[in-house]
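J.: Sharing the features that TrEMBL gives for it:
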type	residues	note
DOMAIN	8-202	domain 'MHYT'
TRANSMEM	12-32	transmembrane segment
TRANSMEM	44-68	transmembrane segment
TRANSMEM	74-97	transmembrane segment
TRANSMEM	109-128	transmembrane segment
TRANSMEM	143-166	transmembrane segment
TRANSMEM	178-198	transmembrane segment
TRANSMEM	218-239	transmembrane segment
DOMAIN	292-425	domain 'GGDEF'
DOMAIN	434-688	domain 'EAL'
REGION	694-727	region 'Disordered'
COMPBIAS	696-720	compositional bias 'Basic and acidic residues'
Amino acid sequence: MDHSLASYNPALVALSLGIAAIASLTALDLAGRVRASQGLARHLWLAGGAFAMGTGIWSMHFVGMLAMDPDSHFAYGIPLTLASLLASLLASALALATVQSGHLTGPRLAVGALIMGSGVCLMHYIGMEAMLSVDSLRYRPDLFALSVVIAVLASAVALSLAFRLNPVGGRSPLWQRGLASLVMAAGISGMHYTGMSATSYRTLSYSASAPGIGTDRLAIVVALIATCIMLAALMMSIYDAHLSSRNAQLARSLQQANQELKDLVHHDVLTQLPNRLKLEEHLDELLEDNIDTFAVFFVDLDRFKQVNDGLGHHVGDELIKGAARRLQMAVRDSDLVARVGGDEFMVVTHQVARRGDAEALAQRIVSSLDKPFQIGNSMVKVSTSLGISLYPDHGRSKHALMVHADAAMYRAKQQGRNNFQFFALDMTSEADRRSTLERRLTQAIEEDRLSLAYQPKIRVDSGEVSGVEALLRWHDEELGQVTPDEIIPVAEDCGLILPLGAWVLRTACRFSSEWLKESGEPLPVAVNISAIQLNHRGFVATIEAALAESELPPHLLELELTESTLVQNPDRALEVLSTLRNMGVLLSIDDFGTGYSNLTQLKYLPVDRLKIDRTFMQGVVDCEQDAAIVQAVISLARCLGLHIIAEGVESEEQLAFIRQLQGHEYQGYLFSKPVPAEELKALLAKGHLVAAAAAEPRHAPRDTPVREARLSGLEPEGRPSHPTGIA
């Protein structure tokens, strides 16, 4: 029988197309696994993929043969049949190997398509030659050539799709791969059926006992086995892709976590600025790069602790973030701004060809931070102390540059704050002393190695002792005698002012209480309060605890506050002072005239006393301006019903001036220098203590003299030091 024009079974044709589609989908998926794998895994996926894809294409060929003349019975020679399978496997291996590379160039695609197309054609026509029950196989040259062209073009499309749909960094969606597999299946099937159309042959009689494999059994077995192999390979590929995707996601999560951890290690959480570690790494890089010159700025916010303790940590946090933003706006993009402490920042800039460049940048920073910060309903004002060290003039190591910038910053604080200073050699000893002072002060507070000295206060009208002023004293074995002028700024900067203030309150109250119990004479004690203490939420509780522990009546305790302390947060001050006054505690304004006076607020504050600062008393005899100021202050105090106390009286002429203006009390070296507690008790025991002092546990009227003691050691920031504080 001559078969130049064959008929086909539609169901089997559809089955062959389905097998081709599955083979194509498997090929595309396995191509992705090959590209995504490395080492041995890549070679294993290549071998397994080639086997699954090759058997799929090969089985499609035999099912397609079964679809042609389904009533005919063919037999196939085993050697040629296996040879056709080998050709299919080699073509598939070539396809998968081609897409391993990171780049699929035009020439490479052309060569790959030619070899793969030739392999598919070879598989097809060897399979045709394997038929034993046909004779006189002939091929139409035009259709034969067309089938080869289709095979090469289909191979080119298959390779291109496999490469484009399987990028190294990920996988294409399933619907894209499904669509591409249909295109590839159409190309493979088109080549097969075109090749079949090009073939004409004559059928010979076939006996079941003849050698070879029958078409029916071969096609069915091959189709089932190939389909199972392809589906298994596809499932393995999908599962492996799932694992790889999950592993990739875990790897990305780990990488992201590592990056976040690295950011946390190198950046401040609150401001997102680089931290000290990042700053030191940056300095190391500049030193390694042999930069000719660069500058290190140490920026400290003055009075930050007062804001943080008084207005709350949330306001303090917003202040820090606002300061960070202003710093970044003040510097250049190439400069590094880092937060290295609670209220401390550092700036590193290498655009400093001369000293004037650093000065200009420092002035911009100071000016930017000098403007008030609007935080919620609060207007917060801070100042800035800034120190500068230059490389290589002030150090050739990061440690030296940072320490020297820090030392220069503290010199700026000593110079009145809100300014900047360059490092100088004489600052080294100061920085070392300050570092030692911080460490030793902490130990002194913990081990109770501080002490108080007492200076008598005198009534102007009678000349008798009416009270005492307590002064902070500290003699350290390593540092020697340390004055309050050194102690208080350090205590405020390193967070020791609250425990130090609590110790002073307890000690002063205990002294007054002991004298009351020993002599029966009341001795009110006045303690100077800093702004940090006043604004702290636990301040009233600290006062109550000191009174309860010492069993001192509240009316024998007087608290002194400077004008600067009161105007920083007047609403808070009025609330706290009203509470203390209701408790029976006496209140006074210290160093009147040296701070920021606000007479409108003064008339509403529940204070009882006004103290004239010693800076005015020193010039009352020789300076008409000082005399006029003191006279005006006393007149103001009398109009407000306040008790008047003059500080720093050191001569008879000064005392006569106060007596003429009818001042109530004075204190100073004219009568006595500060003395230890036991020496003071001996002095009081001689009968010099005035007997008319208020002894009733009631709040003293504003114009009633009372005995008082004052701890001038706790000076608020910016307050002029008292000379008796260093006696």
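Yeah, the Cβs are placed from backbone N, Cα and C, and that goes for glycine too.
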J.: How about the transmembrane segment (74-97) and the transmembrane segment (143-166): at least 3 CB pairs under 8 Å, pairs 6 or more apart in sequence, or not?
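T.: The answer is yes, given that the two segments have at least 3 Cβ pairs within the 8 Å cut-off.
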J.: When the pLDDT values for the domain 'GGDEF' (292-425) are averaged, what is the result?
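T.: Computed over the domain 'GGDEF' (292-425), the mean pLDDT is 90 on the 0 to 100 scale.
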J.: Counting by DSSP secondary structure, give me helix, strand and coil numbers for the domain 'GGDEF' (292-425).
T.: 59 helix, 38 strand, 37 coil
